[in-house]
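These notes are about the structure you will find just below.
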Amino acid sequence: MGANAGRRSRSPERLRLPVCFLGVFACYFYYGILQESITRGKYGDGARQEKFTFALSLVFIQCVINAAFAKLLIRFFDSVRADRTHSWLYAACSLSYLGAMVSSNSALQFVNYPTQVLGKSCKPIPVMLLGVTVLRKKYPLAKYLCVLLIVTGVALFMYKPKKGAGGDDHIFGYGELLLLLSLTLDGLTGVSQDHMRAHYQTGSNHMMLNVNLWSTLFLGAGILFTGELWEFLSFTERYPSIIYNILLFGLTSALGQSFIFMTVVYFGPLTCSIITTTRKFFTILASVILFANPISTMQWVGTVLVFLGLGLDAKFGKGVKKTSH
């Protein structure tokens, strides 16, 4: 009887990771479509076509919706938990989180969406490196191997050799530098979140609320100081149809972020970065299956590496030790 009760109590914990993965996958699948539609779409006709260049305003709206959604979650589901995390930690985390998001969105003005996804697929590497160097974490060897396999698999799956000279053909430019900056800041965000999780047992909804509130404050000052707010409002007045996409973009972000912060709190930022990286892979694999697109030999190798990495992580990559603090 006691054993059955123990098994029942562990069932929600076993379901938590699949729920987090499916939540992140579903929300960010649509999020990615909307992001590319907004940032790479052409607005207007003929010679008067315009591009959306308001990365700060887009992320500002995203953070406002995220914060409001987190406040609702706390109000109805998490009102008992007290939050003891220092405000300066939230502020530091929001700065790196913001920088990563703005850099990533800005990169889409210079590189195409697959290039951006491929760059962000390397996210587990800075998260792991900074976890080891700054927080003195010690991961099992299998964890290093599985991260390497997943990142390599995604890279192989998404890589397409250049077919000839074109508008997007370049070696390393401003867009790639922005992606590199975004990856570095992702790693710093992971370090901040790990610190909050280890020292203050910060809840996922409180983390989501406070990081987004600080981000809203910083971005609000930024769009007012640069004058981008007025240019953005003028743009939406000229092309009101974009407002619907931006609001949907914010809602999918808020839902997805609630699953992301839940993953960070229960499983750590490295597991979260593995989930988000794998999600990108499955998004592309789904399009291949649904639309019967052919898969090259290199992509099949990438597919095998991703599943091998996930299998190794599920079986051997659970343990993590701290050597200090």
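Every residue, even glycine, has its Cβ placed from backbone N, Cα and C.
Residues or ranges marked as motif 'Di-lysine motif' by Swiss-Prot: 321-325. The feature transmembrane segment is assigned by Swiss-Prot to 18-38, 54-74, 88-108, 139-159, 171-191, 213-233, 246-266, 288-308, with sequence analysis given as support.
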Contacting positions for the transmembrane segment (18-38) when only residues 6+ beyond its ends and CB under 8 Å are counted: 52, 58, 105, 108, 113, 117, 242, 245-246, 248-249, 252-253, 255-256, 258-260, 262-263, 266-267, 275-276, 278-280, 282-283, 286
Cβ contacts the transmembrane segment (246-266)/the transmembrane segment (54-74), at least three under 8 Å, sequence gap 6 or more: yes
Confidence summary (mean pLDDT) of the motif 'Di-lysine motif' (321-325): 44
Contact yes or no, the transmembrane segment (54-74) and the transmembrane segment (171-191), 3+ Cβ pairs under 8 Å, gap 6+: no
Intrachain neighbours beyond the transmembrane segment (88-108), with Cβ under 8 angstroms and 6 or more residues off its ends: 35-36, 39-40, 55-56, 58-59, 62-63, 116, 119-120, 175-176, 178-179, 181-183, 185-186, 188-189, 192-193, 195-196, 200, 207, 210-215, 218-219
